[in-house]
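What follows is a single structure, written as structure tokens, with notes after it.
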Amino acid sequence: MKDLKQLSEAARVTEAWEDYIITKYGENKSSKETTAFRDYSNALETQPTVAAFYKENHEKQTLAHVLAMTEKYQSLDKAYLGVWEVLEILDGLVDESDPDTQMSQTVHALQSAEAARRDGQPRWMILVALIHDLGKYLYFEGEQQWTVVGDTFPVGCQFSNKIVHPEYFVRNPDYNHPIYSTKYGIYEPHCGLERVHLSYGHDTYLAMVCQNYLPAEALYIIRHHSFYACHTEGSYDWLLNEHDVEMMKWVKIFNQYDLYSKAEKEPNTEELKPYYQELIAEFFPEKIRW
Ligand SMILES: O[C@H]1[C@H](O)[C@@H](O)[C@H](O)[C@@H](O)[C@H]1O
Ligand SMILES: [Fe+2]
Ligand SMILES: [Fe+2]
């Protein structure tokens, strides 16, 4: 396998993309420097809610939990709702894990989509930007934020110290497990992320909800967009296969819209509604299973 060569090639390509997009964002519509996003360093003092969120999340996301949640939600028998309908429901959620926005998730969805649209992205990418966080609907099914939002990471193998707040893993029951605490744990090197159990949250859930409606690139972005330790920090490269290396570049492109649009002005939902309803209808039936 030519993994390493491919990985470095992919890194080069994605770096170029990043430069390109960051330059575009340099002309900037938002008031915040790109380096000011995702600052978890002083969370304990300045953003205690974020720190408390990751403490609970890192202590409770075990392999057993992920398997139980997969079992609970994989039948998609919880609700039958339209995509726009869920987008409106999410107006009732502010994400506790996010140091960069206090706005509702409907606002975040429209900000991301508008950023992708302004950049001339293809329609499927604009749609992904719009819906990527709709898996947070889990919260309205009664799940607590620690298993709905936040960055994701693999369970069943050693936790990387590139994950935000790695110090909170010491009280995770898997932390000292004889197999799950080893580097590879239950996985074969380069087995591919498809086989990997990521901590349970909105990504895994939404990828499942959308599986019959979107192209592979879109589903890949949705499933991995919160896996910052990998797509941004470069850890867990030993899990990736050639398909992941190929697909990861889409995640990087998407990530700019997700992250940097959070500082932009609040979009007018009613004004944007017709455009986005039409876009949704290009890919989805009126209602889908949740
Ligand atoms: O706080 C945020 C938020 O919950 C996002 O939806 C998720 O994708 C990010 O990874 C996380 O850092
Ligand atoms: Fe997300
Ligand atoms: Fe997001």
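We count from 1, first residue shown onward.
Note: Cβ is positioned from N, Cα and C throughout, glycine not excepted.
Annotated features in TrEMBL:
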BINDING   R38, D95, E96, S97, K136, G150, D151, H225, S226  substrate binding site
BINDING   H108, H132, D133, H202, H225, D258  Fe cation binding site
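Positions of the features from TrEMBL, shown on the structure.
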residue: R38; record: substrate binding site; DSSP (3 states): coil
residue: E96; record: substrate binding site; DSSP (3 states): coil
residue: H108; record: Fe cation binding site; DSSP (3 states): helix
residue: H132; record: Fe cation binding site; DSSP (3 states): coil
residue: D151; record: substrate binding site; DSSP (3 states): coil
residue: H202; record: Fe cation binding site; DSSP (3 states): helix
residue: S226; record: substrate binding site; DSSP (3 states): coil
residue: D258; record: Fe cation binding site; DSSP (3 states): helix
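Counting only same-chain residues at least 6 apart in sequence, those with a Cβ under 8 Å from the Cβ of H108 (Fe cation binding site) are D95, T101, D133, S261, K262. Within 10 Å of the C-beta atom of D133 (Fe cation binding site) sit 26 other C-beta atoms, taking all shown protein chains into account.
With respect to their backbone Cα atoms, H202 (Fe cation binding site) and S226 (substrate binding site) stand 9 Å from each other. When the binding-site residues E96, H108, K136, D151, S226, D258 are checked against ligand 2, S226 have a Cβ within less than 6 Å of one of its atoms. Of the binding-site residues E96, D151, D151 has the largest number of other Cβ atoms within 10 Å of its own Cβ. Between E96 (substrate binding site) and H225 (Fe cation binding site), the C-alpha separation comes to 17 Å.
Taking a Cβ distance under 6 Å to any atom of ligand 3 as the criterion, the binding-site residues D133, H225, S226, D258 reduce to D133, D258. Contact annotation for binding-site residues (H132, K136, D151, S226) versus ligand 1: D151, S226, each with CB under 6 Å from a ligand atom. Take the Cα of H132 (Fe cation binding site) and measure to each of the binding-site residues R38, D151, S226: the nearest one is S226. Taking the Cβ of H225 (Fe cation binding site) as centre and 10 Å as the limit, one finds 24 other Cβ atoms among all the protein chains shown.
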